[in-house]
Amino acid sequence: MSETANSRTTERKQDHIEICLHGDVVFNGKTTGFERFAFEHAALPEISFSDIDLSTSFLGKSIGAPLMISSMTGGYSEAATLNQRLAEAAERFGIPLGVGSMRQALENRSYRESFAVVRKYAPTVQIFANIGAPEVAKGLTESEINTMLELLRADGLIVHLNAAQELFQPEGNTDFRHVLEQLALLSAKIPVPVLVKEVGCGISASAARQLIAAGVKAIDVAGAGGISWQKVEEIRYTRQFGQERRFSLQALDELLNWGIPTAQCLIDIGALKKESPGLNGIEIVASGGVGSGMDVAKSLALGAQLAASARALLKALHDGVLEETITSWLNDLRAVMFLTGTATIAELRHKTLITKP
């Protein structure tokens, strides 16, 4: 990659962080759907609060709590500091961490340290590498795969599906042909599990079925209700070119708020798994607008193995309260478990949610 192209990629990654922290990038008129549900109160919990156990497992490995610090950043100098602090928090709580897209690490060695720092400060927890669907569609070489995995000593590879983001991105790649074909090839030859995640538009049951058939081991629904990457890229576009001229004003609002709410994704994929018992080995991650331990708890009751968050934790990191925020979320989760009489995460997953009137 040329020096100019590297500079543009670095600028884009910096823009993403700045806009996510300070821009108006949440969905309008569309929520995660978690607010539609409530837990039934257990007047007789029959457990001690001190006995509540948040530990669980993900992809065969024990984790301290059903929470993942979701893919955010990497590939520019300032990202090393952000990733170090995220890694330190992940290690403290014993929870998984996903890095941002590693495309730039493949194209320029000078940016690899911003990713490698993660394993240095999180030596014992699950770390997930990350690459975009357009890169997968072109066919990753064995060298590229090895570079990503070895750089992090990764426990898995996340492939992110971001068609809507690429559509709005000024320099976006909208060629999504052969993604499934290449995913199947990748899943068959890679020595660690492949996870597939959206980035805020959600994964439907039909898409989940296709992904499972391609051999992925986990699906992160990353539904609508939190950050809209269309809005992030729209801000970048208008900064560069002024008024939006690509889409009609009549359609723009719906396109910017395009996506399936997170809770609906979980419900639909949960129904798919019930219809097809052979799919029960696939683990589901709930992300997209997760902003508290209550959201984590509802995610688990809706069928997720764990929940994940990016923007809320990034903002907490920016404000200097990352570990305090994670602690409060885990306390939220313990509170829900106590008030529903569930001592373990496995028990919480079997709780039935009440639909609010």
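Using N, Cα and C of the backbone, Cβ positions are placed for all residues, glycine too.
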_FMN site partner of Ser70, Ser71, Met72, Thr73, Ser101, Lys197, Ala310, Arg311 (as recorded in Swiss-Prot), chosen from Asn130, Asn162, Asn280_ = Asn130
*Of all the binding-site residues given, namely Ser70, Met72, Lys197, which is spatially nearest to Arg103 (substrate binding site) at the Cα level?*
Met72
*asked:* Pairwise over Arg12, Lys13, Ser101, Met102, Arg103, Gln165, annotated as binding substrate, what's the top Cα to Cα distance to the nearest Å?
replied: 17
_Alpha-carbon spacing, Glu166 (Mg(2+) binding site) to Ser101 (substrate binding site), which is rounded to whole Å_ = 14
*Between the binding-site residues Ser70, Met72, Lys197, Arg311, which lies closest to Arg12 (substrate binding site), Cα to Cα?*
Met72
*Could you round the CA separation between Ser70 (FMN binding site) and Ser101 (substrate binding site) to a whole angstrom and send it over?*
11
_Candidates Met72, Met102: member of the binding-site residues with the richest Cβ shell (10 Å)_ = Met102
*Extent of the FMN binding site in Å [max Cα distance among Ser70, Ser71, Met72, Thr73, Ser101, Asn130, Lys197, Ala310, Arg311]*: 17
